[in-house]
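Peer 1: Below: one structure in structure tokens.
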Amino acid sequence: MSKLPRKFSGVARPSELSRTTLIATQGKALKRLLITGASGGLGRVASARLGHLAEHIRLSDVMPLPYTPPSQAEFVQCNLADADGVMKLVEGCDGIVHLGGISTERKFSEILDANILGMRNLYEAARAHGMPRIFFGSSNHVTGFYPQDEHVDLNSPYRPDGLYAVSKCFGEALARFYFDKFGQETAMVRIGSCFEEPTDYRMLATWLSYDDFVALVERVFDVPRLGCPVIWGVSDNSRAWWTNETATYIGWKPRDSADRWEATLKAQGKWPDPEHPLAKWQGGNNTQDPIVKED
């Protein structure tokens, strides 16, 4: 099996990429799409808006669903730290949108189970079941300690702003390892702030609209050759600090922008002092969060 060169920039080279097992790459719907973290905020959006990608949707979370799932969806309650449970969860799926795990700064033991052991369990299950393509919900916080006046590209070193962010650095490294060693394709999407609308100063740079999120997922499962790119999940915001120049080959072009909320946020007084974390660091308030102590 051929491998990409170590300095692969993300540009697809058909002669160097491994085969994908996805029927979606041939313009057809997936048979079964797994969405982890389905009980969370973004998981709920994915559950409601990604049904057109597959004949069947399998939703999963460690918590019960707080809503009624779509008609073609099934729900499987699963703890990502349970290797056997995750192995069964992935069986029969030919695409995975991985939004599960801890999404904020928490005790390291919790982060370890969900984001590190859980990530390893998911990738081992994928390897055992035909290596379905994966959309991995990484985080913009992997570069949270860059100042806001510095633009960051896909070759910039990690500067995580907490242990949660460190776990996402691990997740990206694991995804790259499984691609280089086994050919497992993954889009490592550093999601910005994916909400209905931006609500503070920092989100004028980091906001990702729901429509742009859905369009990005569509492209990840439709592009003939994916590889293992890092992609900034951010809308077309003029204040954005991140660029996707080496991932343009997937064909995703965000259409929304946080710019139209700038005047509103100013009028609401949501304009921090220049030394406030929301205006100083790309990770915002996360840079000031303490490490959560174990009991």
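The backbone N, Cα and C atoms fix where each Cβ goes, glycine too.
The following feature annotations were taken from TrEMBL:
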type	residues	note
DOMAIN	34-193	domain 'NAD-dependent epimerase/dehydratase'
REGION	269-295	region 'Disordered'
Peer 1: Go through the chain and flag residues at least 6 beyond the ends of the region 'Disordered' (269-295) whose CB is under 8 A from any CB in it; none is fine as an answer.
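Peer 2: 105-109, 140-141, 143-148, 150, 152, 161-165, 199-202, 205-206, 241.
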Peer 1: What are the DSSP helix/strand/coil residue counts across the region 'Disordered' (269-295)?
Peer 2: 9 helix, 1 strand, 17 coil
Peer 1: Looking only at the domain 'NAD-dependent epimerase/dehydratase' (34-193), report the model's average pLDDT.
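Peer 2: Per the prediction, mean pLDDT sits at 97 for the domain 'NAD-dependent epimerase/dehydratase' (34-193).
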